[in-house]
2 protein chains.
Amino acid sequence: MTERSVGYVETKHHHLKELFRLVNGDELAGVSIAYETYGKLNSDKSNVILICHALTGDAHAAGWHEGDKKPGWWDIVIGPGKAFDTNKYFVICSNVLGGCKGTTGPASTNPQSGLPYGLSFPRITIEDMVNLQYKLLKNLGISSLYAIAGGSMGGMQVLQWTVSYPDFMKKAIVLASTAISSPQQIAFNEVARQAIIRDPYWNDGDYYGGELPKQGLSLARMIGHITYLSDDSMHDKFGRDTRENEMFQVESYLHHQGDTFTSRFDPNSYLYLTGAIDKFDLSNGYSLAKSFSNIESEFMIISVSSDWLYPSYQSEEIVQALGSNDINVQYRKLISHFGHDAFLLEKGQLNYLLSTFLGHLTVGDVMSEDVSTLREGCTLEEAAQLMILNNATHIPILAASGRITGIVTSWDITRAVANKISSIEKILSRDILTSHPDESLSNAALIMEDNAISALPVVDDRGCLVGILSSDTISAMVGRGAK
Amino acid sequence: MTERSVGYVETKHHHLKELFRLVNGDELAGVSIAYETYGKLNSDKSNVILICHALTGDAHAAGWHEGDKKPGWWDIVIGPGKAFDTNKYFVICSNVLGGCKGTTGPASTNPQSGLPYGLSFPRITIEDMVNLQYKLLKNLGISSLYAIAGGSMGGMQVLQWTVSYPDFMKKAIVLASTAISSPQQIAFNEVARQAIIRDPYWNDGDYYGGELPKQGLSLARMIGHITYLSDDSMHDKFGRDTRENEMFQVESYLHHQGDTFTSRFDPNSYLYLTGAIDKFDLSNGYSLAKSFSNIESEFMIISVSSDWLYPSYQSEEIVQALGSNDINVQYRKLISHFGHDAFLLEKGQLNYLLSTFLGHLTVGDVMSEDVSTLREGCTLEEAAQLMILNNATHIPILAASGRITGIVTSWDITRAVANKISSIEKILSRDILTSHPDESLSNAALIMEDNAISALPVVDDRGCLVGILSSDTISAMVGRGAK
């Protein structure tokens with residue numbers, strides 16, 4: 001375990017008391033949701049980040065389970081000091097509906113029959129997955145997200161979230177994904193499904209308790225793995241090397257990946273989840289730009305230069321549709337030869353891009369609105385007393401209109417005492433710098449640094465004080481204050 | 001059937017009397033080779049073109065079999081007036097060793113056991129396929145090729161031919177292929193093989209006479225088909241359209257391709273042929289340039305802009321390795337969105353590129369070596385008599401050394417008669433243009449056109465006459481004279 005790990009973690013389970021209604025009208029009873037959380041929820045619950053996993057992922061995104069040989073699937077970017085900094089953020093990841101890692105899916109027991117659902121499990125969509133995540137958050141008392149992020153199928157969930165619950169999150173991050181599954185993606189999913197379905201042990205999905213369709217599931221995974229790597233990375237990783245048994249390295253690798261997968265994934269889940277991916281089309285066969293018209297969050301879209309399964313043009317389509325709605329969107333391409341898998345591997349680039357985007361805060365996002373102020377004409381003593389009372393080093397002085405006219409600091413008080421000045425008017429700093437709630441945090445931080453000031457009053461368009469930005473807050477946010 | 005078709009054709013069978021020895025030392029008895037021919041073999045057997053087929057192709061490259069709904073697999077470029085012009089060339093295509101379309105393969109009867117070979121069929125290589133084609137040609141009395149061409153696995157055979165029998169062909173054409181199978185290509189072949197092997201009816205290859213492993217073979221074909229198309233062409237061809245049964249069009253297409261394939265291909269052949277493709281590495285794990293050092297033929301290498309299964313860089317590797325050996329090589333990229341399949345579909349571009357390359361003849365390739373000549377000092381009558389006798393309009397006059405000193409034409413004779421000149425010396429054209437056997441035919445044609453002459457003597461490095469090039473010959477070759 002590295003120093004920057006969230007450490008040992010456990011998967012929690014949330015049991016939905018109410019029926020869960022799917023988009024198609026079907027209802028599921030007794031739904032369970034597996035989830036993990038990292039970091040601490042702050043007092044106003046404003047630091048929550050939801051992570052959405054890909055096809056074969058799970059709730060275990062970071063840290064270690066007892067006995068694990070490797071950490072959660074996105075440990076490279078989740079943890080203290082990493083992009084999803086658990087010193088700042090409260091990170092949640094849940095297993096998707098239809099999955100097989102603790103959330104209700106086709107392998108779960110149907111409470112009505114007492115038997116595993118199998119193919120009687122209703123068809124689900126990406127929207128259903130998102131709606132269940134929404135239920136989970138609500139039941140955990142969370143009613144907004146600072147950010148939401150996911151790659152591949154996780155990216156689809158992020159996009160769906162911003163369309164379904166447009167005012168729920170500030171920032172959305174979509175990696176190596178698409179808003180519309182392409183025929184090639186459908187084709188690869190279909191051959192994988194056929195590999196499972198054609199395994200005689202699949203038995204129309206009714207294999208629980210008996211022999212599993214392992215051969216088919218393993219073959220499906222082998223097919224998938226080819227699409228997750230680039231031609232170039234395969235040259236690098238395997239070349240034409242062979243093993244003792246005359247198999248090519250690449251063949252051994254695929255066999256190994258296929259075999260180990262069968263012990264950790266349910267074949268029916270593979271069918272249901274790939275089905276949900278195939279049906280995903282946020283344009284509704286019409287216009288992506290139109291579907292995005294209500295989105296409120298700002299976006300970072302990330303593609304991978306060598307990803308041929310989710311090629312960059314699909315990310316660029318999203319960027320264009322967001323842009324046409326004047327949505328704030330940043331587009332970055334990971335320069336990587338890892339192919340689709342790069343979103344799980346490119347540690348350096350990802351941490352840089354994600355933390356820059358997450359850190360791209362406005363002053364309004366982090367300013368303190370709870371400011372102690374005094375009116376013009378107050379005394380030196382009143383100012384000093386307020387400072388002591390509220391543990392505040394800076395007291396803005398306001399005119400009757402609410403406009404800021406000056407600021408008094410503990411240093412000013414000290415100076416007055418030293419010089420035997422009794423009037424606050426004589427020590428007040430009147431030539432003060434201010435900020436605006438919409439100003440970028442990094443810009444405000446720069447001004448404070450350049451002018452060696454430790455607090456910046458924030459005023460609205462009319463010049464009225466609406467908050468204060470302190471260097472302590474900034475240090476905590478950008479991680480500079482972390483010990 | 002179109003006008004430019006070779007018409008109805010039949011597959012012929014050649015039975016090898018001798019044992020056929022494989023590269024690995026194994027010997028096969030009673031080998032049969034299925035082949036087809038189109039066009040006529042010329043008297044000096046110098047117009048033969050060998051066509052090599054891809055993985056699931058066969059000897060039926062052009063024309064129609066009785067009852068067929070479509071013509072041979074490369075009918076778009078083989079036929080009268082097409083690139084492989086059957087008015088000029090004698091075109092041969094044979095089914096590969098290990099195949100299942102008439103040439104001996106794993107489905108054939110093992111003469112020793114009287115049973116189908118199945119997995120007792122020896123492992124074969126691209127080199128073995130080529131060696132068997134060589135046997136066939138030799139037994140048909142053909143000891144050189146004007147050209148050899150093939151795409152995909154056919155291109156591998158072409159490359160192997162030029163390495164194994166470097167002085168056998170003048171021109172080699174390789175389309176959408178590689179000199180070294182890549183790990184990604186191996187990976188796709190391996191999952192296709194596993195689809196077959198994991199079908200319970202495969203029964204270790206011993207399924208003949210019983211239930212066939214159709215599900216596995218069909219799945220293998222579905223996987224293959226994804227790789228033959230480009231993402232772009234799938235968008236065009238299928239989009240996200242669905243059918244009545246809610247299947248996506250692309251799924252229906254793949255199912256149809258898979259299903260129809262099972263009635264025409266032997267699963268074991270699929271295993272053996274993909275195995276041969278995977279083993280193909282003309283660099284021998286060392287240097288392609290070194291392996292190409294003995295090649296004598298000139299090359300045209302063609303890749304496809306949207307082919308991601310055999311990407312252009314693989315063609316460019318071949319071009320570079322040929323170039324480093326000073327081998328005459330032309331490289332062209334088909335601009336196509338059809339993906340790998342483009343080499344079977346891009347009719348216009350292919351006919352243009354291939355016929356240009358095939359027509360890129362030298363004077364030596366087409367000049368007539370059977371020239372009527374006279375010695376200096378001959379009479380006007382002798383010249384006229386020779387013309388009439390041999391139906392020749394141009395008679396070169398040679399010195400005792402063999403060097404050409406002039407030329408006399410029927411027009412000169414006419415002029416002499418008109419002007420009552422009796423001496424041949426006085427009418428002889430001495431200021432004559434000549435060509436060299438290595439000069440490009442198009443260059444020589446240009447000279448003849450520019451100077452309005454209808455015959456060009458061809459002389460060797462010492463100035464001795466070695467042949468004559470007539471405008472009639474050129475017209476026939478470049479098709480300009482075709483009515």
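Glycine residues also receive a Cβ, built from the backbone N, Cα and C atoms like all the rest.
Per TrEMBL, active site, nucleophile is recorded for B:Ser152. Annotation comment: TrEMBL describes B:Asp307, B:His340 as active site. According to TrEMBL, the substrate binding site annotation covers B:Arg221, B:Asp341. The domain 'CBS' feature in TrEMBL is assigned to B:367-423, B:428-483.
Feature map: annotations from TrEMBL on the structure.
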residue: B:Ser152; record: active site, nucleophile; DSSP class: coil
residue: B:Arg221; record: substrate binding site; DSSP class: helix
residue: B:Asp307; record: active site; DSSP class: coil
residue: B:His340; record: active site; DSSP class: helix
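DSSP assignment over the domain 'CBS' (B:367-423) gives 20 helix, 15 strand, 22 coil. The 10 Å shell around the Cβ of B:Asp341 (substrate binding site) contains 23 further Cβ atoms across the protein chains shown. For B:Asp307 (active site), the Cβ neighbour count at a 10 Å cut-off comes to 28, with all displayed protein chains included. There are 23 other CB atoms within 10 A of the CB of B:Arg221 (substrate binding site), with all protein chains counted.
Within the same chain, residues at least six positions away from B:His340 (active site) with a Cβ under 8 Å of its Cβ are B:Ser152, B:Ala176, B:Thr227, B:Tyr228, B:Leu229, B:Val304, B:Asp307, B:Trp308, B:Leu309, B:Tyr310. Counting Cβ atoms from all protein chains shown, B:Ser152 (active site, nucleophile) has 27 others lying within 10 Å of its own Cβ.
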